[in-house]
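Working notes for the structure below.
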Amino acid sequence: SNGLLCQLCPVGKFLIKPCEKDGGESMCSICPRGTFTSSANNATECGECTICRIAQYQKSPCTGTRDRVCECPPGLFWVRYRGHDGICLHHTKCKEGEVVDVEGK
């Protein structure tokens, strides 16, 4: 950081070179394919797009301005484990006398 208050790079771009005067424009570049920034920023690189896991499908693609959205097919729901990873699991069937309290997502 150069200690100056620079304008942020717009959505879909990342910082190449900071401004040279307070309030000045920084030099920004478009996020490469497979990466994105979803808010104004001073990041020196774009974030990597999410990769859909086994059994998931792509609901919406990754663009330079938003991450890919992945979902489990109908009848399955996402369970996160190991911090960042997860798996699509089948909904549990209710036993006799049981009712759905909260429907899975």
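Cβ atoms are placed via backbone N, Cα and C, with glycine included.
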Notebook entry, point to check: C31, C52, C62: which one closes the disulfide with C46 in TrEMBL?
Noted result: C31
Check: Which of C52, C62 is the other half of the disulfide bond that TrEMBL records for C49?
Finding: C62
Check: Considering the candidates C52, C72, which is the cysteine that TrEMBL reports in a disulfide bond with C70?
Finding: C52
Note to self: Below 8 Å Cβ to Cβ and six or more residues apart, same chain only. Which residues does that give for C62 (disulfide bond)?
What the structure shows: G34, T35, F36, C49, T50, R68
Check: Given C52 (disulfide bond) and C46 (disulfide bond), what distance in Å do their CA atoms have, once rounded to a whole number?
Finding: 18
